[in-house]
């Protein structure tokens, strides 16, 4: 299993263009590729901070004609490591993004985190890079 790795996380979105704009303009990702499947009526967009060969990416799936999805209570969040969580949140807010939990240490711990909401309501956790490798330590 040494060659196994996570390739992508798929999120269903109601407005693909709006979601691509959020992940590129607000979160600083690049649109890596986009393709349509006319037979099954969906469009996929893959976004990330680097080439897919270098790490996991986000797959946005737009099912034609579906504007909203029931997210249920099982989904938690996507986590992204950032170099300066405070500056990153300032940049996200300046670009029109919604920070739902301001940056700061986890209650009872020292790891600095923040949360951001994407246009479809998916939560994104930001973790200070120097602490990201250790997880949420106390």
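Just so you know, glycine gets a Cβ as well, placed from its N, Cα and C.
Since we're looking at a predicted model, the values are computed, not measured.
According to Swiss-Prot, the features are:
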- 125: active site, proton donor/acceptor (ACT_SITE)
- 8, 59, 77, 125: Ni(2+) binding site (BINDING)
- 12, 63, 77: substrate binding site (BINDING)
- 5-129: domain 'VOC' (DOMAIN)
Within the domain 'VOC' (5-129), residues counted as helix, strand or coil by DSSP: 22 helix, 52 strand, 51 coil
Integer Cα-Cα distance in angstrom, residue 8 (Ni(2+) binding site) to residue 63 (substrate binding site): 18
Residues satisfying Cβ distance under 8 Å from residue 12 (substrate binding site), sequence separation of at least 6: 61, 62, 63, 66, 69, 120
Residues satisfying Cβ distance under 8 Å from residue 59 (Ni(2+) binding site), sequence separation of at least 6: 8, 9, 10, 11, 44, 45, 46
Distant-in-sequence Cβ neighbours of the residue listed as 'active site, proton donor/acceptor', under 8 Å, six or more positions away: 77, 78, 79, 80, 113, 114, 115
Mean predicted confidence [pLDDT] for the domain 'VOC' (5-129): 96
